[in-house]
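Visitor: The feature domain 'Major facilitator superfamily (MFS) profile' is assigned by TrEMBL to 14-454. Look at TrEMBL and you will find 50-68, 80-99, 105-128, 140-162, 168-188, 200-223, 229-249, 270-293, 299-322, 359-384, 405-422, 428-447 (among others) tagged as transmembrane segment.
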């Protein structure tokens, strides 16, 4: 029987609602790439301040994800999903109406905070609506296609909307938020509510959130060539001190931020590591490609966005292919294959930047790396959630996503340093080489991961098999 026929109407509505929220959360991270020159010119922002348009979103996103996960498990996924959507919409309105740089950055911070609670809520709703079987594999495949292609879609939409006004990058979120709020009302009664006794630990939450914030801030400073060395050192020392305090308190606390049950799940730990490797390889491909197209090739925002269409399409195809493989393959093997294809595509890009033709130079690398990208994104979250129960799905999802976005700061910092130190196309080639090296580490992770084998009927093969 076809898996599409097994999906109930309520599940289809849930997938539409979840997928749309995932789309604008991912797309808003990258949509500003091609629009930053226009934003800077209109709001009189310096080049250094412009980089904070990205950081102002990613920093609170990564820093508050652990808290977001606990709130989901405490208050319920639907309730947090609604709150996150409202906050994201308000942040988008503030950013779109910006009169100066500080107002724009404030809007981005609100968006990042909203994303930090939305992301674990999305994963919890996905797990609750599609608990087992072939329908779960299909749902994760569709959701993965949306999430992985969201970064590319963000660049494409950013380029197109910038031709009208960069403000529409933010205003376009409003109708999507309204649709998500409508969908959440329709599926609310079907979802699991948080356990009343699952309190959010105040000290652990403060230390955990602050440690992630400081780590991401340090990595961001590291990629800023104009940042004073003293501020980098102070931030690094503070990050280490707070992180050690967090780890010591977590070990001794009766109510830790990261549930002890989660720490024992090896597939979750490896899923979080895979998410970090993903974001430092093909996940930061959009950042370096956007810079290359605009700085080295002189592409306009709209042309740069159009150039990403084949990449976005192949990400979707990769997700579909991964979804089919997950019916018969273990997710760790799909992960390894996805990273292998990604590494080949990234190396193709590294060795083809001297070719002026887009069709002969960049396109082959886009097609191969995009296909691998789609496979990796889906398998990362299937692997990480394969042995997690629904009562801890919010916290588990936040761990994986926090690892992903903290790694994005690391990858962006390293790429920025490489591009600054090695001028011209050669610097970008070395950047793609770094991405490929990280993807190779992902291959090794996938090949060395062991998953629990579950017995199922042919029509109910779980996503982890």
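Just so you know, glycine gets a Cβ as well, placed from its N, Cα and C.
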Visitor: Establish whether the number of Cβ pairs under 8 Å between the transmembrane segment (200-223) and the transmembrane segment (428-447) reaches at least three, counting only pairs separated by 6 or more residues.
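Guide: Counting Cβ pairs under 8 Å, fewer than 3, so no.
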Visitor: Between the transmembrane segment (168-188) and the transmembrane segment (359-384), do 3 or more CB pairs sit under 8 angstroms, pairs being 6 or more residues apart?
Guide: no
Visitor: With a Cβ cut-off under 8 Å, give me the same-chain residues at least six positions beyond the ends of the transmembrane segment (428-447) that come close to it.
Guide: 270, 273-274, 277-278, 280-282, 284-285, 288, 291-292, 296, 332-340, 342-343, 346-347, 349-351, 353, 365, 372, 376, 379, 411, 414-415, 418-419, 422
Visitor: If contact means at least 3 Cβ pairs within less than 8 Å, sequence distance 6 or more, would you call the transmembrane segment (168-188) and the transmembrane segment (80-99) in contact?
Guide: yes
Visitor: State the non-local partners of the transmembrane segment (405-422) in its own chain: residues 6+ outside its ends, Cβ under 8 Å from one of its Cβ atoms.
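Guide: Hits for the transmembrane segment (405-422): 54-55, 58-59, 61-62, 65, 212, 215-216, 219-220, 222-225, 275-281, 283-284, 287-288, 291, 428, 430-431, 434-435, 438.
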Visitor: Please work out which recorded stretch in 50-68, 105-128, 140-162, 229-249, 270-293 has the most C-beta pairs separated by under 8 angstroms from the transmembrane segment (80-99)?
Guide: 105-128
Visitor: What residues in the same chain, six or more past the boundaries of the transmembrane segment (105-128), come closer than 8 Å to it by Cβ-Cβ distance?
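Guide: Distal contacts: 14, 17-18, 21-22, 25, 28, 52-53, 56-65, 67-69, 71-73, 77-78, 80-81, 83-85, 87-88, 90-96, 98, 139-140, 143, 170, 187, 191-192, 381, 385, 388, 390, 393-398, 400-401.
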